[in-house]
Amino acid sequence: MQNCSFCDIIGTWKCACSDTLFCIEHITEHSNTHVLDSNFPNVSQILFPISDKDSSHFKQEIHHRLNTINSYKEKILTQTEILISKIKNLSKNIISQLENEKKIYKNLLIKSYFEKEEHEKVKQILKTTLKIKSVQNNFDISENIENSYKIKSFKNSQNFKGSYAVSKLANLYDIYIQSHTRFVLSVAISHDNKYIASGSDDKYIRIWDLQQKKQEFYFEGHKSSVQALSFTPDGKKLISGSKDSMIIVWDLQERCKKCEFKGYIGEIWGLAVTVNSDIVLSASNDGLVIAWNIDDLSEISKLSGHEDAVLCIGISNNGEFCISGSSDKSLIIWDLATYKQKNKLLGHRNAVCAIALFKDNKNAVSGSVDKTIRIWDLESLSQIIIIQAHKNIVRSVAVSSDGSFVVSASYDKIIKIWDIKNVSLYKEMIGHIGEINSIVITEDNEILVSVADDLSIRVWDIKNGKENFKMPGHTDLVIGAGTLKYDDDTICTISNDETICYWDRQTKCQSRQCLGRSYRIDSISIGNKTKSIFSISSGFMMIPYLDFKASSKNFILKDYNVLKKKCIALSHSESFLIEGSEDTNLYIFDIDSKNKCSEMKAKFSGHTGKVSALAISENDEKVISGGFDNLIIIWDIKSLTIISILQAHTGPISSISIYNNKIISTSYDKSVRLWDLNNKKCESIFHGHTSWVLCSSISNDGEIFATGGGDKDCGIIIWNLNDKIMKNVLVGHQGAITGVAIIKNGIQIISTSIDKTLRLWNAKTGIQELIIYTYSEGFSALCVSADEKYAVVGSEDMTVHIIDLDCKRKLCDKSYLSLKKEINKAIETYTKNL
């Protein structure tokens with residue numbers, strides 16, 4: 001914007017007679033000169049455009065504000081409905097009193113003779129007249145009610161609540177605070193060693209500045225895990241391959257998708273680009289290597305020769321040949337001039353899942369499921385070195401630019417540097433707590449970057465084998481963000497990854513990280529007699545006492561500090577509550593006559609991992625717990641002793657459901673098991689899920705049960721409990737299933753998901769009947785009242801929602817999160833650590 005040609009005020013007007021800019025005052029003076037000269041002034045107001053990026057951000061912000069207004073409108077309408085309901089009830093009571101009084105007078109009216117008490121009443125009537133007086137004489141609306149219906153202001157806040165904060169900070173300040181939220185599967189480094197790209201099971205690709213330790217931007221477009229990445233040598237493009245069978249070429253300068261291919265090919269496991277940046281080679285699980293034109297992803301040639309999935313591919317430095325590794329245990333050398341097979345290398349005893357070529361094009365190193373790395377002489381086609389490298393699958397290998405060492409990374413969570421000349425272990429890099437999926441090293445052989453299932457991207461010093469730093473960013477849902485009062489250049493963000501991060505608005509980098517907490521509602525139980533709701537979130541227990549026909553009256557927030565509770569179960573008598581904790585213990589609390597949780601009554605100790613699932617037997621005599629130690633333990637509640645330990649699952653237990661003497665357990669090992677509570681044995685294993693199984697529910701008649709989890713199709717499986725077979729699969733959710741409940745004697749199912757929806761299904765037909773409720777954040781817990789009239793849903797942002805299942809609508813919600821208070825706490829933490 002330019003100033004007025006005659007003063008320092010912004011020029012917002014112009015005249016057709018010249019290019020001069022005017023403010024409102026000087027355009028008036030200028031117009032008068034035209035009038036004096038008998039000329040009609042041709043003036044117009046200047047319109048100011050916004051950039052494409054700002055336009056997109058502006059539209060997004062307007063939609064967000066419209067949603068905010070609609071949410072507030074819904075709140076007012078619900079509040080009004082509740083108020084009207086209360087007034088109607090009060091009116092009903094007073095009308096009833098009046099009718100009773102009328103009845104007395106009518107009975108007296110039809111009589112000529114009266115009993116003693118009636119006669120006294122008649123004499124009193126004859127001497128007096130009737131006046132009706134209420135506690136308050138008028139019907140004026142109270143000040144509190146009036147204030148509830150007044151808007152104080154439409155304030156432009158600098159605090160951004162929920163996951164919306166991620167896009168807001170990216171658009172407003174070009175700061176990217178969100179890192180990967182699921183396994184990081186692939187990594188690539190640009191040829192100038194300035195940037196790295198990471199691909200994840202969360203479907204995102206993130207571009208990072210290696211020197212400045214910050215995220216530059218991200219790409220989204222894949223529908224499944226990003227398993228392969230490769231920069232073009234000219235640094236202009238990035239190619240990605242996914243489990244969704246798509247290959248996408250991204251323009252790094254324009255930060256957009258250039259072209260994509262989705263067709264007959266299988267899951268993409270590997271990518272390699274020729275030195276002149278014109279051809280990309282893909283390795284996929286259909287057993288093919290395919291050469292593609294990078295400009296439009298048109299197919300150049302299919303390279304067929306493997307007998308099983310192709311898991312990796314590497315290209316020579318001169319671009320003359322490539323090598324692919326396969327599940328058929330072989331490596332094939334391909335001539336890129338003819339696209340024909342030159343040679344086959346045999347030696348691995350299991351699938352070959354990693355390949356890297358030396359710069360001199362004379363040797364290659366491979367890694368395998370057989371836990372070895374092998375160095376091959378490509379001229380003699382022989383193995384020259386075999387190293388028993390790891391205790392688990394070797395998932396990735398890399399070679400130094402001078403060929404003096406190779407690096408291997410494994411599912412055993414260790415990175416190893418090998419001295420080739422002496423065939424010896426040079427360094428071990430230990431730090432990852434999840435399986436390592438991919439590694440790259442810089443051209444100067446000083447830096448190594450690794451990615452793993454622990455959601456981290458770690459940067460290592462090769463010489464000393466030490467970790468330099470992890471790439472910044474939240475690895476779970478961002479709850480909110482705000483600026484510091486005394487420092488506008490510092491932005492604070494809080495997340496369910498239990499960290500508080502501080503970001504410098506000028507450098508766009510993370511300046512500090514402190515310990516925070518999670519806000520996710522992990523578990524919910526309903527007191528059906530007392531209409532109480534008990535819910536757990538990261539060490540806090542929320543106990544709202546609710547009138548389901550109205551709204552929350554009050555609640556208690558108990559802070560257990562270190563004892564982070566993960567699950568709760570309320571006894572059927574509603575006299576006690578059991579909580580499972582991250583400290584591996586179970587805690588039992590009595591519930592008093594006012595539905596308040598007393599101090600801890602007893603503790604159960606027996607698990608060696610955090611307790612993640614609980615269920616109480618119908619007679620309240622036993623509690624069954626599941627943990628991250630893969631164990632299910634049956635406890636005697638009275639004696640606080642272990643009755644039995646059930647071992648069979650190979651992953652953490654995620655849910656437990658009970659019907660009579662039957663136990664259903666679900667696990668991160670993708671299985672569902674049926675146990676007999678009496679003989680303590682596993683009766684059956686149900687296979688059908690392709691990922692973690694997170695929740696379960698048994699019908700009231702014990703005929704069927706349902707399970708849900710993180711399957712690719714986000715399906716809910718219905719099983720026949722008697723025949724022990726899969727009955728139906730309900731597909732419709734767009735994210736992992738976090739809660740499931742069978743209602744109406746097996747006729748209907750309700751479910752919650754991280755896709756932010758609560759859905760109703762017909763259990764008989766498998767058809768989705770209705771999306772009952774949608775929220776701004778994902779749902780993490782579900783519980784249904786015993787009379788099946790209400791569902792209580794917990795969300796990722798510490799909000800409890802009460803749903804009327806008869807009317808199919810939300811009654812009310814209660815958020816235990818005050819973003820302003822949490823940001824203020826974070827500011828205090830920041831100040832203390834200065």
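Count begins at 1; order follows the chain as displayed.
Glycine residues also receive a Cβ, built from the backbone N, Cα and C atoms like all the rest.
The repeat 'WD' annotation in TrEMBL covers 177-218 (among others). The DSSP breakdown of the repeat 'WD' (177-218), given as helix, strand and coil counts, is 0 helix, 24 strand, 18 coil.
Counting residues per DSSP class in helix, strand and coil order gives 0 helix, 20 strand, 15 coil for the repeat 'WD' (219-253). The annotation repeat 'WD' is assigned in TrEMBL to 219-253 (among others).
The repeat 'WD' annotation in TrEMBL covers 261-302 (among others). Listed by sequence, the residues of this chain that lie at least six past the ends of the repeat 'WD' (261-302) yet keep a Cβ under 8 A from its Cβ atoms are 227-234, 236-237, 239-249, 308-315, 317-319, 322, 324-326, 332, 334, 336, 339.
As annotated by TrEMBL, repeat 'WD' applies to 303-344 (among others). With a threshold of 8 Å between CB atoms, the same-chain residues lying at least 6 positions outside the repeat 'WD' (303-344) that come near it are 266, 269-276, 279, 281-291, 350-357, 359-361, 364, 366, 368, 376, 378, 381.
Taken from TrEMBL, the feature repeat 'WD' covers 345-386 (among others). Sequence-distant contacts of the repeat 'WD' (345-386), counting only residues of its own chain at least 6 positions beyond either end whose CB sits under 8 Å from a CB of the stretch, comprise 308-309, 311-318, 320-321, 323-333, 392-399, 401-403, 406, 408, 410, 418, 420, 423.
According to TrEMBL, the feature repeat 'WD' maps to 387-428 (among others). For the repeat 'WD' (387-428), same-chain residues at least 6 beyond its ends with a Cβ under 8 Å from one of its own Cβ atoms are 353-360, 363, 365-369, 371-375, 434-441, 443-445, 448, 450, 452, 460, 462, 464-465.
For 429-470 (among others), the entry in TrEMBL reads repeat 'WD'. Residues 179-189, 191, 193, 196, 198, 208, 210, 213, 392, 395-398, 400-402, 404-405, 407, 409-411, 413-417 of the same chain, all 6+ positions outside the repeat 'WD' (429-470), place their C-beta atoms under 8 angstroms from a C-beta of that stretch.
The repeat 'WD' annotation in TrEMBL covers 604-645 (among others). Here the repeat 'WD' (604-645) has a mean pLDDT of 95 out of 100.
Sequence annotations record features per position, and here TrEMBL assigns repeat 'WD' to 646-685 (among others).
Mapped onto DSSP classes, the repeat 'WD' (730-766) shows 0 helix, 20 strand, 17 coil. Here TrEMBL flags 730-766 (among others) as repeat 'WD'.
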